[in-house]
Amino acid sequence: MNFPPRSKPSSAASATISEVPDLPSNEMGKIVEQTFERYSSSDEAKRNGSGVAIVWFRNDLRVLDNEALVKAWASSQAVLPVYCVDPRLFGTTHYFGFPKTGALRAQFLIECLADLKRNLMNRGLNLLVQHGKPEEILPSLAKTFEAHTVYAHKETCSEELNVERLVRNGLRQVVLLPSPGQSTSLSSSNHPKLQLIWGSTMYHIEDLPFSTSSLPDVYTQFRKSVESKCTIRICIRTPTSLGPPPNIEDWGSVPSINQLGLHEEKVSRGMRFIGGEAAALSRVNEYFWKKDLLKVYKATRNGMLGPDYSTKFSPWLASGSLSPRFIYQEVKRYEKERQANDSTYWVLFELIWRDYFRFLSVKYGNSLFHQGGPRKVEARWSQDQTMFEAWRDGCTGYPLIDANMKELSATGFMSNRGRQIVCSFLVRDMGIDWRMGAEWFETCLLDYDPCSNYGNWTYGAGVGNDPREDRYFSIPKQAKTYDPEGEYVAFWLPELQALPNDKRNFPGKSYIKQIVPLKFGNITSSGDNDSASARRTAFRGKQRGHMR
Ligand SMILES: Cc1cc2nc3c(=O)[nH]c(=O)nc-3n(C[C@H](O)[C@H](O)[C@H](O)COP(=O)(O)OP(=O)(O)OC[C@H]3O[C@@H](n4cnc5c(N)ncnc54)[C@H](O)[C@@H]3O)c2cc1C
């Protein structure tokens, strides 16, 4: 196995960070092997299938706790793992035509695929990488290898559901020859099947105490209900040997960034995440066990600077290199072996948010992507290009906004605190169509996931599942609370480093004519969701021409 080079130690949350700490930054090899051993099974007696089964990898780029892979293995004599490099993933976003996948996420995906291929090879398989649409590739492979089933993980949003439908239709066109002893009359069993498996959430959809159509519209109700009525399934143990693979001469190679039509972008500041399951497992080990940070998560999670204020699991969760059930089991192991406290619980609390947004996407379907959101709110939004570009490029003149947007462009990551702040600023201060922000996040985020991204944007824009319609983040207040020394803004806007700490977060020169910089001092709000009176003091009132 190849592991990335060790990076220099990083000093978390320090304004002096100037090097790129790779995430994860520890030695991966031994830890990863040990983790694989812990979550694997050498009991191979359960394999009693026949023929070939295909595993269609999608956003589940892992070997551990991968039910589709284990089911395929159990139901066949040979498993064919396939990843389709779908050109639609490298097209443009729906409304505003931004790149659908930016170069940093594409690079992360490439690393995920290379790692998956290695991990499958270590278990006697390989990964067939094909360029093209799954609905063309999979039926053709099923025909060539006479595969009885294509196993894959179920997705929930429209683009992914459409591909599932097309693959299913494509498989229906494939007629398999009857195996010896089987009746020759054609029936549905003569076509390869598409078997979709739920595997993206911590709580399994089938274990919910309600149907998705009656999912509670308020998170707390959802959380309390699942916590009291459901259990989390244990990780599926992966056989140590998954071979033999079907006889294939050319398994294809993992694409280069140029083959995806993109140009390499180097991360030269902030955090660089390494894609793949090995890196994901290593990060869990680093955050929970080596640095022992789980016990303080609740107190640090609102940070913005450095690798360790939060888990940083999200890019691996989104690509499926990391299973949320695995995190759950590791939290429980930590609670048993070290300690259980508010912080150990709070990681699970956040993962329930992630589950919630995924289940909401099933309930609300496409309305998640519509301007009015699930609540069908009628509002007028501006699509002012100058304002949007100032936000996108980190040129608003508001250091906290600009620093966060620069971090996003430079690394593909932004803290949860930062995301809430820039979302509020775009939609509530600038009055810009929230979908422009959501689509820009879709381009840039390493952890982009349609459910969490559009779920959070609709929530922040007041068109989604937020019982409070008036959630507003006052930028000066947020700066004072979460970057009191101006360390974060000075890291991303080095021109501010020379200023005294208490001056760094003052809005500077605004690069957009319309924006009048906020003044400190007359904000009366408190807490995370700063009040409507604070909003009135912000420049919203001065921007009526641009408002809904
Ligand atoms: C406008 C906006 C857009 C967002 N877009 C995405 C997205 O595309 N993909 C994504 O994974 N998250 C998204 N989030 C949620 C959240 O910001 C990130 O999950 C989090 O910052 C990732 O960092 P972390 O792994 O260190 O999180 P931690 O604080 O360590 O939390 C642990 C895990 O809990 C989950 N989680 C935490 N907060 C949330 C949340 N609010 N919603 C859903 N899951 C959560 C994530 O899987 C995260 O990895 C968005 C939030 C906002 C406000």
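From the backbone N, Cα and C atoms, a Cβ is placed for every residue, glycine too.
These come from TrEMBL:
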REGION    1-23  region 'Disordered'
DOMAIN    51-192  domain 'Photolyase/cryptochrome alpha/beta'
BINDING   Y297, 310-314, 350-357, 447-449  FAD binding site
SITE      W381  site 'Electron transfer via tryptophanyl radical'
SITE      W434  site 'Electron transfer via tryptophanyl radical'
SITE      W457  site 'Electron transfer via tryptophanyl radical'
REGION    527-548  region 'Disordered'
COMPBIAS  537-548  compositional bias 'Basic residues'
What remains of the recorded positions K312, E350, W381 once a 10 Å Cα-Cα cut-off to W457 (site 'Electron transfer via tryptophanyl radical') is applied is none
Can you work out the mean pLDDT of the predicted model over the domain 'Photolyase/cryptochrome alpha/beta' (51-192)? 94
Across all chains shown, how many C-beta atoms besides its own are within 10 angstroms of the C-beta of Y448 (FAD binding site)? 21
Measure from each Cβ of the recorded positions Y297, Y356, W381, W434 to the atoms of ligand 1 and list the residues where some distance is under 6 Å. none
Just the number: how many Å between the Cα atoms of K312 (FAD binding site) and W434 (site 'Electron transfer via tryptophanyl radical')? 25
Quick check on the domain 'Photolyase/cryptochrome alpha/beta' (51-192): DSSP residue counts for helix, strand, coil, in that order please. 62 helix, 27 strand, 53 coil
If I take the alpha carbons of W381 (site 'Electron transfer via tryptophanyl radical') and Y297 (FAD binding site), what is the distance between them in whole Å? 37
Between Y297 (FAD binding site) and W434 (site 'Electron transfer via tryptophanyl radical'), what C-alpha distance do you get in Å? 30
With the fewest other Cβ atoms within 10 Å, the residue among the recorded positions Y356, W381 is W381
